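What follows is a short report on a single structure.
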Amino acid sequence: MKSKIVYPSVLGGEIRVPGDKSVSQRIAMLAALAKGTSTIKGFLTGEDAMSTLKAVCALGASYRFVDDVLEITGTGGTFKEPANTLDMGNSGTGTRLLAGLLAGRPITVTMTGDASLSRRPMGRIAAPLQQMGAKIELTGEKGTLPMTIHGTQLKGIHYELPMASAQVKSCVLLAGLFADGKTTVIEPHPTRDHTEKLFQALGIPVDVNGLEISVPGFGSAGPQFAARDITVPGDFSSAAFWIAAIAARPGAELTVRKVGLNHRRTALLDVLKRMGAQIETELTDDQGDPMGTVFVRGAQLYGTEIGGDEIPNLIDELPVISAIAALADGETVIRDAEELRVKESDRIAMMAAHLRAFGVEVSESPDGMTVHGPAVLKTPVKPLASDGDHRIAMSVAVLGSFTDQPVTIDDTACVDTSYPDFWNHLKQLGGNCE
Ligand SMILES: O=C(O)C1=C[C@@H](OP(=O)(O)O)[C@@H](O)[C@H](O)C1
Ligand SMILES: C=C(OP(=O)(O)O)C(=O)O
């Protein structure tokens, strides 16, 4: 098992983070559906994006890297039945979106994943897909992987999402492309809209009307569109670790360049500003998914309340927010975030336990937690477990840099799913780890 020791340090400087995981995986799937060869700059080579890319290649697409530019040659929509089970690794996004893409194709596909992915709920995508007529078997014990999809002709649906989930929304929209008749999804809260933005960029019709998103069904032929050249912005959720770390350090400064600034992803910036950090953004590219620069100047932070519509737009940042909330003066209350319990780990329970190991007073609730700051951080006596969850490992590493003794984190290989350069970037920003 890989472990890391993080030493106390003051971080700051300039960084560019790897490509966005959500966008990279959607591009892999849509480029596999397109006719011709797409050229993609900035594709994430982390494990989640690579398992999705390999899965679409098992379905008939092909790829090659020319230096760090990715070329994907698509199938035009004629996927072949893969010779083997598709191993989706740790990727919830890859699994759920691909299920939507395949439900209406005349092939049978089985998907499996690692221990963490095999615990995650898949009934949330099976339910709407089955309403569309899909034949899906979830052979795990609790509506979990392995999942077998026997592709069949689908019909469009009008679906109110029971939870705010961009993965379920995107799954249904992708399935809707191959259905007979229109498909509409209605979201309870706005979630990341990379799927809709990519559809627009590729010329796939999509109608966005507030929380209601529709695609016309193209029947078994599916949508016909040509490959395009696309640039993936840096992953805001990866940048978030540095943004949060520097925001909580009075006087420290950070510049993050070429990072995604889709406003459905950047609610962390609003929270940190509310807590007292100085943050500015500059948009440098507004085609498709916006991209730009984030400038951060740290300060003494103050507690805040986070809930409602804000939650989906910072869902993956909540572990690191809870970590730096320990340094803020006053209570930070997180509510409406029950989805955190079904991520790569139960992120509420994991962060609460780890914060307590740092000597922080935390109270857990079913849908969030209250962090009572400011804490005088203690160095945890035992190594902290990631539970195979990349965001837990990285959030704990950020808090570890604020202690006065080294902190050990166990099971850190999971960081490679989204941010393989994380430890190098920690050093680049003045941190120390081994
Ligand atoms: O659509 C996506 O790319 C994602 C949506 C979110 O999950 P949910 O849709 O399950 O909330 C997020 O947590 C995940 O990291 C990526
Ligand atoms: C929840 C995450 O990813 P996924 O659902 O794609 O596994 C994440 O990256 O934090």
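Counting starts with 1 at the first residue shown.
Yeah, the Cβs are placed from backbone N, Cα and C, and that goes for glycine too.
Please treat TrEMBL annotations as automatic predictions, because they have not gone through curation.
The Cβ neighbour count for ASP316 (active site, proton acceptor), using a 10 Å radius and every protein chain shown, is 25. In the three-state DSSP scheme, ASP316 (active site, proton acceptor) falls into the helix class. Annotated active site, proton acceptor per TrEMBL: ASP316, in sequence order.
Taken from TrEMBL, the feature 3-phosphoshikimate binding site applies to LYS21, SER22, ARG26, SER165, GLN167, ASP316, LYS343.
As annotated by TrEMBL, phosphoenolpyruvate binding site applies to LYS21, GLY92, ARG120, GLN167, ARG347, ARG391. According to its DSSP assignment, ARG391 (phosphoenolpyruvate binding site) is helical.
Averaged over the domain 'Enolpyruvate transferase' (9-426), the predicted model has a pLDDT of 98. Per TrEMBL, the feature domain 'Enolpyruvate transferase' maps to 9-426.
Listed in sequence order, LEU318, PRO319, LEU340, ARG341, ASP389, ARG391, ILE392 are the same-chain residues six or more apart from ARG347 (phosphoenolpyruvate binding site) with CB atoms under 8 A from its CB. Of the recorded residues, ARG26 (3-phosphoshikimate binding site) and ARG120 (phosphoenolpyruvate binding site) place their C-alpha atoms 20 Å from one another. Put simply, GLY92 (phosphoenolpyruvate binding site) is 10 Å from SER22 (3-phosphoshikimate binding site) when counted between their Cα atoms.
Listed recorded positions: ARG26, ARG120, SER165, ASP316, ARG347. Those with a CB atom under 6 Å from ligand 2: ASP316.
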